[in-house]
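Scroll down for the structure; my scribbles are underneath it.
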Amino acid sequence: MKHPYQIVIVNKAGTHLFTSVKNTVQVFELASGKKVGEWIDDISPDQVTHQNTQISKKKGEPIMSQPIYNHIRSLLLTGNEEYLVGTTDSDKSTIIFHVDFTGENCLTLSKRQVLAKRPCSISFDAGNENVVVADKFGDVYSIPIDTNEPVPEKELAPILGHVSMLSDVLVTSYKGKQFIITGDRDEHIRISNYPKSYVIKNFLFGHREFVSDLYVSEHDPSVLISGGGDDFICLWHWFDNELLTKVELRDLVEEYLHDGHLPPARFLTEDSKKEISIAKISTLKTDDSYFLIVLVENTRCLLVFEINDDFTVTHNQTITIDNSIVDFSIDESNKRIIASVDTESSQLFEAFKYEQGKFSIDSSLEQSFKSVTDANPFDVESKSDFQQLYYINSMRKRSEH
Amino acid sequence: MPKPPQPPCTKDKETQLREQQEAEIKRRAYRENKQNARKKVKHARFEEPTDVSPVDLPRKRFYRQRAHSNPFSDHRLDYPNSPDTMDWSKMYPNFYDSELGKMTSKVEIADIGCGYGGLLTQLGPSFPESLVLGMEIRVQVTQYVEDRIIALRNKHAQDDYKYDNISVIRGNAMKFLPNFFYKSQLSKMFFCFPDPHFKQRKHKARIITNTLLSEYAYVLKEGGVIYTITDVEDLHNWMVQHLDEHPLFERLSKEWEDQDKCVEIMYNSTEEGQKVTRNKGSKWVACYRRLPNPEECV
């Protein structure tokens, strides 16, 4: 049995699959399942760092914190697909790879920039000159994509900061100007000018719980879609500070929620509700429709909506499989969704193709997915060895004082 | 502030403990009593007659709380979802037009970390047409200021100036300022004797940092002023360095400080400032003006 992949990305042409399992990045040809690139972080994946070992002064019990494994936390291709950029939990760094399919291994690490605090999300500015990285301490840094030596982390100065844990960052353009959008654990979405990010444009108020995912489609950069710990996601005309639509999810997703969605034991009460956290938001444009696809963390379904011309949103379909979906990526060229699945089976991916108005399981990639899974270096005994596939809901605030 | 040396202890431990417990019970009873009075006033609206009209100023010793609070922790705070949903009418009832159903004025002056409210009670009468808000993160200290304002309003109910333009709120300004104030709403922000957070790794907890200054610049209007004062020279240098570095702020001259009445009030009126004077300590002042945004920015 293999350990599930925490990240999956398909390139725009739909020819290659970029994946990450634990501390390893692997690249495959999608059609054949042939491995064409690999990079392994030399810090062991099972070595737990940053685990809190303090003893509580008041109770005399150890303070339990979630262990941080040495995993790759985020992965993103630049717009021109010349670079693949990720972040590591091990040494809190941003890793920049040059992607070149002519070589034996398509990944060449061109920079490893260590940060002071654990990075959690990345984006690129126009022209793909800089990676913009957000960290868990609330700061955002800009790191040039070049082959220069990394800067000592003490010399890096943040380009903006929140007094809150950041969850996502996006650089986007509107009428020729660039802006940086940041989401945090205190329900805030902030819009700042870029590169002069000390000038805040405005805040978008609408979320009641943490924000975990910000999404802007290439097809319409004026619309921001945001989700987090609420039962709804929001569509915004972010530049005009206008909330277009709130899409309610609870009724649609309720039957796919399970005990894993209840609050941790010490916060559990009789009327605790199962909690919804947004793992991923994306869109897919076909000739006649514009689909919004939403993954609620640790569910075995993808919610598919149609975004209408007046920005109303209607539920179109719920794609379901037998096991929870960890991550998914849109293969726009082939009108396909490729999902990484939390399963004990020998096939850790699933593809869904859009045909005649519906998404349905595409079995044509089965062989390819089996080869990909065979190349996964992490054999495990049982499901209980799967590490940290779902962590977004831990951002939820449970104030005690 | 360093504590004055304690007299040598003559009582045995048990007596000490008992006395401490008794004192705590007394403090709690006092605060509960005040809380009931406060609740009645709050619910009844200020201008209506109430059976409880405290005119005695509250006594500070019943509200003492340790001087530090962690700005990063998730305190159980009440804050509005956005400035649109903030209800100011209960806090400034005389500035609420009940026929139009809206406020006649907006908060323009904010004292961030207002402590026991010494600055508020001086700024209020100096700017009777402006709404002045104190923000304080410590619960009991906030309650003290609330009780102080209630008592002042009752005491001066028949006077020309009624202390009706000052109010206080418990909040974390480092996190939630944009939930209270619109862009460019404020004309003055005060940072008086902030927590110095001496340790290097605690520097992000300081109230003036490069990244937080961008948020202050957001709520301040062009030409608005940030006032800072501290008795810790290191902290003064830190604040000056960061404000100097920030492209949206420009330091105001010594001459400007000398003629500005707020600087004078800030120098003399806060509890912390008076304590520094009593201990013959030094006070450092720095004031900065909010510059216009660069042309290409929105």
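Cβ atoms are placed via backbone N, Cα and C, with glycine included.
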B:GLU136, B:ILE137, B:ASN172, B:ALA173, B:CYS192, B:THR270, B:GLU271, B:GLU272 bind S-adenosyl-L-methionine per TrEMBL; candidate in B:GLY113, B:GLY124, B:GLY223 listed for that same site: B:GLY113
Excluding its own, the Cβ atoms lying within 10 Å of the Cβ of B:ALA173 (S-adenosyl-L-methionine binding site) add up to 26
How many helix, strand and coil residues does the compositional bias 'Basic and acidic residues' (B:10-35) contain under DSSP? 23 helix, 0 strand, 3 coil
Taking the Cβ of B:ASP195 (active site) as the centre, how many other Cβ atoms fall within a 10 Å radius? 18
Pairwise Cα distance for B:GLY113 (S-adenosyl-L-methionine binding site)/B:ASP195 (active site) [Å, integer]: 9
Which listed residue (B:GLY113, B:ILE137, B:THR270, B:GLU272) has most other Cβ within 10 Å, given these are binding-site residues: B:THR270
The rounded CA-CA distance in Å from B:ILE137 (S-adenosyl-L-methionine binding site) to B:ASP195 (active site) is 12
